[in-house]
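TrEMBL lists A:6-104, A:144-245 with the feature domain 'Pseudouridine synthase I TruA alpha/beta'. Residues annotated as active site, nucleophile in TrEMBL: A:53. Annotation comment: TrEMBL describes A:111 as substrate binding site.
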């Protein structure tokens, strides 16, 4: 039995998220179905670095699984791709040490959020960006991003129903990148709470529009109270961009 | 009663084409439904510059329609967009002379076809490009493009069932543009037969792969026989890019 690490991409539009659900199509289910076919009916479970929600995309999701098949990794990638639907891409498969763990072994993640600022709605970008044709003060957003960077209790910036007790996370960096009419928020950190990136994006957009001051963002962070927070940005602009391991 | 010209974009993925069909969702039907709502139940028919097929996109489709509403064009655009689904975008609406005709008034069109040459399949591009990870000789393709440019009888390059009698068309230019891992074919001409652009793309890709020589393309063109032709490239890479009027 060998352990494999795979990097996968997916267009989240037609999934109810990464993790298997009783109802709805999921990324995990599709990959496990592909592995079931490769293994001629033997069940192979996969472990992902974490979940992504309905409509959220991945450019660099990482999974691991154990397989008895004696296939070179390069052929493994092609074989797995063959059995996988077109909205998932298998970027790489490599053999790893038997103690590699896609979830517990992470040292950090990067998420990116794409905002399309064109005046007119772009039908080709509708599943992949948030359309936001309003004025934004980028320098104020960068100031608020600085306030949010670092080690903090992010209770005010995670979904109210979240059950994790420890809400302290470290954000290494928040970059606000302008590329033509697209604004990209890049978040690097040691971990992110449920809906945290989308709530941070909602907050930064509120700051950019003058609906929230940088001082209010600081006060919200210190209040540790989700009811103080901004609205959650919609899922289609969000990508799990990269997962880091030692 | 005023006549309006509108430029529209659409993502063709979820349409069975531009023109109203007994079964399936069409662009024409969605826009006429939007106009019906704007006109409080009064039927307003639209005329397009031409049809596009299932899965084919438009960046610059042109339509015209007559409306009694006294709305300034800029507000007309916004109002029509409001009633139109998210895979159609109304780029502009302007009042034109009463003899403007979106179909009969055209002097030419540009179509573009996008080919993604990345080794790995890109799930985010699957509805918008043809994935083609094979070697291509671009200079040979440009030579074949030169052979096809000009005034010709394009019988060999239109769908066999096509009923139009006159199959002479003039292609003003065929540009083969390389942008990173994307290859773009841009066709400008006075008109295009049914499936003609997709058959021309199939032909050029065959030339690029060495399956057809430039001399064979010339012979096929002169044969005026569809059965000599290359296969039809799939619809998702094709865009009606621009429609020209005097």
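Just so it is clear, glycine is given a Cβ too, placed from its N, Cα and C backbone atoms.
Look at residue A:111 (substrate binding site): DSSP puts it in a strand.
The recorded positions considered are A:53, A:111; of these, A:53 has the fewest other C-beta atoms within 10 angstroms of its C-beta.
Under DSSP, residues within the domain 'Pseudouridine synthase I TruA alpha/beta' (A:144-245) fall into helix, strand and coil as 37 helix, 32 strand, 33 coil.
Taking CA atoms as the reference points, residue A:53 (active site, nucleophile) and residue A:111 (substrate binding site) are 13 Å apart.
The domain 'Pseudouridine synthase I TruA alpha/beta' (A:144-245) scores a mean pLDDT of 93 in the predicted structure. Taking DSSP states H, G and I as helix and E and B as strand, the domain 'Pseudouridine synthase I TruA alpha/beta' (A:6-104) has 25 helix, 29 strand, 45 coil.
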